[in-house]
C-alpha cells in the first residue's frame, strides 16, 4: 500500500468520526433549578444522625459525605424522571449519571483501566521471557514506557473510582504523559538511539511542550476541549508516524504488521473518545469501552516489541562481525 493511500484512509476515518459520532446533550443537569431544589432540600438532613447525615461504611471508605450523597441521589431521581418522560439524559458536573458499585463511581472504567495495567505487566513479562538478552538498543526506552503506562493506568483507576479535582488532574496529566512518551518512543525508533544529540534535543522539546501543557491546565485554565484536541493531535501524529515506519520496514521486517494492527486499532477506537452517549445499563459509556478496547492490544504490541528486539540484536551482531 502506498503512503498516499495510507493518508487517504486516515483522513477518511477522521472525517467519519467527526461527522457521525453521537453528540452530547448540551444542557447541564447540575445547572437546572430542579436539581438545585432537590439538593438544597436534601442538605437539610445532613445534620441528622441517620441517612443521609450518616452514611454506610462502604461509602465513607471511598470518601463519600452527605453533600456528595445528596447530589448522587438527586441526579438519579431526576434522570429516572427524564427517562420516564422521554426527555434526553443530561450530564451532571461534566459526567453521565453512572450507577456506582460499593462507592466506586464508574465501575466499568475502573475495571477496564486495571485490565490495561495488567495487559502491560503481562506483555512486559512476555517480552522479558522471549528476549532475556536486554542489550538491544531500545530496552531502556521500552522499560521507561512501561513505567509511564502503569502510572497512567493507576491514576485512571483512582480517578474513575472517585472523581475529585486532584484525581481528575492526575488522570489527565498522566494520560497526556503516556501519549507524549509514546510519540517519543516512535521518534527514537525512527532516528536510532545512536544519534544521542538528536535524541536529547527531541526529548527536551517534548518535555517542554508537556510542561507547558500541564502548567496551562493546572494554573491558568483547565480547558477540557483544549486538552482533548491536544491529546488527539499528538496521538494521531504518533499513529501516522508508526504507520509510516511500518510501511518503510515491512519488506525487511514482516513482523511490523503487529505494530500497524495496534495503530489502526487505537485509531478506530479513538472514535469512542470523540463520540459519546449515555451509559448502557448506566455503567458502560464510550470512555469505558475505549478502555476495554485498548486492553487486548497490549498483547500484539509487546509481541511486536519482542520481534523488534530480536531484530535489533541480530543487526547488532552482524555489525560486530563486519567491524
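Each residue, glycine too, has its Cβ placed from N, Cα and C.
TrEMBL has this to say about the protein:
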type     : residues : note
SIGNAL   : 1-26     : signal peptide
TRANSMEM : 139-158  : transmembrane segment
TRANSMEM : 170-192  : transmembrane segment
TRANSMEM : 199-222  : transmembrane segment
TRANSMEM : 228-248  : transmembrane segment
TRANSMEM : 255-275  : transmembrane segment
TRANSMEM : 287-305  : transmembrane segment
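Remote same-chain partners of the transmembrane segment (139-158), defined as residues 6 or more beyond its termini with a Cβ less than 8 Å from a stretch Cβ, comprise 109-110, 113-114, 116-117, 120-121, 124, 127, 167, 170-171, 174-175, 177-178, 181-182, 185, 188, 193, 291, 305, 309. Simply put, out of 170-192, 228-248, 255-275, 170-192 has the most Cβ pairs sitting under 8 Å from the transmembrane segment (199-222).
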